[in-house]
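Asks: Please read through the structure below; I'll follow up with questions.
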């Protein structure tokens, strides 16, 4: 199935405006799209997904996917749970994964103490950028391909130990480090792609990263998961994976209803905690005002 390159209009606009800022002009042709889920939950892990996207017209020797799921990619929060799962299943099937074989790092030595600040960070308002590029011609845009992805996970005990912001950065760093190792390319192409890829993510704040990424430009954009297909892709993978984990935890601790609220602090969930105490997957640092006792 073929889709028009305008699906990636914002990716093209972003790389075009970045290239124009460098003298001599630098052509950016790869994006690592990062998104995370679970930041505001009171139970369960923080999960981040990093996906590597390249311009199809630059890396022509790469075997490209059919991408039949592409038209369904939107901000994962705007899709119904059923549609997210369908899209997720299509994606992982095309990349020859199952839920239990996904590339995920949840226990590596990567910690807040061995990740580092990036040397180049930019905040971009993509709507303003679009206005600046009135001469942008979608016919000059190119299609993108995700050639690999990886997930990083930080459990609730680590969240309590490191705090939530450090945990968000750690989850992304674990995903980024694993992404490099699972990307199957010849060493020349691999080093070239990773050295010049921009890191694109939702929000206002840049993150600390593994040492191999400290010279990669970080771009933060508000609502990036809604504006960029690449970030929406990572958002869906992170969210559906985490949701499935919480559904599994529900079988161990059914009293809390994890399958329904996925660890968020709903009034009913908090009332159960006040009555019954917490489980081993709750974040005690988030629940200091709700813990009269522990059930387990």
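Just so it is clear, glycine is given a Cβ too, placed from its N, Cα and C backbone atoms.
Just lifted these from TrEMBL, have a look:
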- 29-296: domain 'RNase H type-2' (DOMAIN)
- 35, 36, 202: divalent metal cation binding site (BINDING)
Asks: Just counting, how many other CB atoms are there within 10 A of the CB of residue 202 (divalent metal cation binding site)?
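Replies: Excluding its own Cβ, the number within 10 Å is 22.
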Asks: Near the divalent metal cation site, what residues other than 35, 36, 202 in the same chain have a C-beta no further than 8 Å from the centroid of the listed C-beta atoms?
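Replies: Near the divalent metal cation site, beyond 35, 36, 202, sit 34, 37, 48, 49, 201, 203, 224, 225, 231, 234, 235, 238.
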Asks: Just counting, how many other CB atoms are there within 10 A of the CB of residue 36 (divalent metal cation binding site)?
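Replies: Excluding its own Cβ, the number within 10 Å is 29.
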Asks: Return the residues near residue 35 (divalent metal cation binding site), defined as same-chain residues 6+ apart in sequence whose C-beta is under 8 angstroms from its C-beta, sorted by sequence, else 'none'.
Replies: 48, 49, 201, 202, 224, 225, 231, 232, 234, 235, 238
